[in-house]
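Now, the feature entries from TrEMBL:
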type    : residues                                                       : note
DOMAIN  : 2-158                                                          : domain 'FAD/NAD(P)-binding'
BINDING : Ala11, Glu32, Leu40, Val76, Trp362, Gly369, Val370, Ile371     : FAD binding site
BINDING : His147, Gly148, Asn149, Val150, Arg191, Arg192, Glu203, Gly369 : NADP(+) binding site
Amino acid sequence: PRVCVVGSGPAGFYTAQHILKHHGGALVDIYEKLPVPFGLVRFGVAPDHPEVKNVINTFTQTARSERCAYYGNVTVGRDVTVPELQQAYHAVVLSYGAEDNRVLGIPGENLPGVYSARAFVGWYNGLPESRDLKPDLNCETALILGHGNVALDIARILLSPLQLLRKTDITDSSLAALACSKVRRVWLAGRRGPLQVAFTIKELREMINLPGTRAVLDPADFTGLESAVKDAPRPRKRLTELMMKTALEKPGEMQAAAAGAAAPREWGLKFQCSPQEVLPSADGRRARGVRMALTRLEGSGDSAKAVPTGDVEELECGLVLSSIGYRSLPLDPAVPFDSQRGVIPNSSGRVEGVPGLYCSGWVKRGPTGVIITTMNDSFDTAQSVLEDLQGGVLDISPFREGFGLVESILRSRGVRPVSFSDWQKIDAAEVARGKAAGKPREKIVDPAEMLQIIGH
């Protein structure tokens, strides 16, 4: 059987890995729109979290299997359609992730100084489409809307001492911009309360322990939570206890004096406030703050809803980062898409109403969870493909040409795919440039330059 996977992020690679491991004869081709593989492992994981990127070694092993091939620089839906892939393969798995962000839907969100988390993370991680972002860091206070790990990542990158970032694979141009940054204070605001934050304890602890930075948490936000947190699941309990401890910690006199002298950078969490409007500066040319609607919670735990109280508060800030989630987009008119939920309607990864078409990762279940969540989800989809192969749901008697057919389609449209060994040349060039600068790698951010290196 010939199987094609669209997207080379964790969902795509884990799906391919599981099929190759559990079916001794399957051939899997992975298509990717960029010349370079690995999706959010390369472009989403924070540069100061290199250990999270170790999964790249596993993915590389998969790509090197003689039954697996990688074709980068191919945009499915434009260079080749999904129906064309279905003619070339017995099964097609869509694992192309979430390449857009949710919008706030409030006045002023298009003012200069307002950025989506996706674009900002892409900028410091070398995502080609975000390379020209040039965020204005010429203000003291930044406001991040959202209480997830991505929000904490951004806060950490904005406040990290430069010597820590210099040793990472952060892009050269963003390091230069951060070196001139005037941002000294970062607020992270969320609609709900401390018991509903979406970040995890590891990320919170890292933020609390960031050198030269102090946490500003209001003890009033945590009053009366002891009883509520008693019955919470253990991870939630530990997370809330760490926030409470940080809020109540009084720095000793020596620490206070030292902290005062160092005029440290600071960050804090704001709860139960929802953005209503980004306020323009006097000349109307940029953001100067955000009007927040104060909320109260109805219900408890993860299902608590934030309801506006009618009161508002203005927060001064020159930089606004919206970290309220990523969003998947429809890929091809031939593929059903639930634009309300931003997913492909499916059951266990089988696309509704289209036999032989599957999906895995964020486009299957929505943009939530970490790499391990995506791994389990992708194994689940791969299992559906294997069951359908075994149970005869997928008819593999007709010969399918696989890449042979796709190649002639791409050639007729003037598209030249990039192979995995081509990527390894780009990889070697990045590592060599990084070595010269004392970094693990210096990412190439321009696709044209990538193609030049491999002589395309």
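Just so you know, glycine gets a Cβ as well, placed from its N, Cα and C.
Worth saying up front: this structure is predicted, and the values here are computed from it rather than measured.
Of the binding-site residues Gly148, Gly369, Gly148 has the largest number of other Cβ atoms within 10 Å of its own Cβ.
For Glu203 (NADP(+) binding site), the nearest of the binding-site residues Glu32, Val76, Trp362, Val370, Ile371 in terms of C-alpha separation is Val370. Separating the Cα atoms of Gly369 (FAD binding site) and Arg192 (NADP(+) binding site) is a whole-number distance of 19 Å. Trp362 (FAD binding site) sits 15 Å from Val150 (NADP(+) binding site), taking the C-alpha atoms as the reference points. Here the candidates are the binding-site residues Ala11, Val76, Val370, Ile371, and by Cα distance the one nearest Asn149 (NADP(+) binding site) turns out to be Val370.
Note on proximity: of the binding-site residues Glu32, Leu40, Val76, Val370, Ile371, the one nearest His147 (NADP(+) binding site) is Val370, by Cα distance. Of all the binding-site residues in the record (Gly148, Arg191, Arg192), the one with the smallest CA separation from Glu32 (FAD binding site) is Gly148. Taking the Cβ of Leu40 (FAD binding site) as reference, residues of its chain lying under 8 Å away and at least six apart in sequence are, in sequence order, Gly9, Pro10, Gly97.
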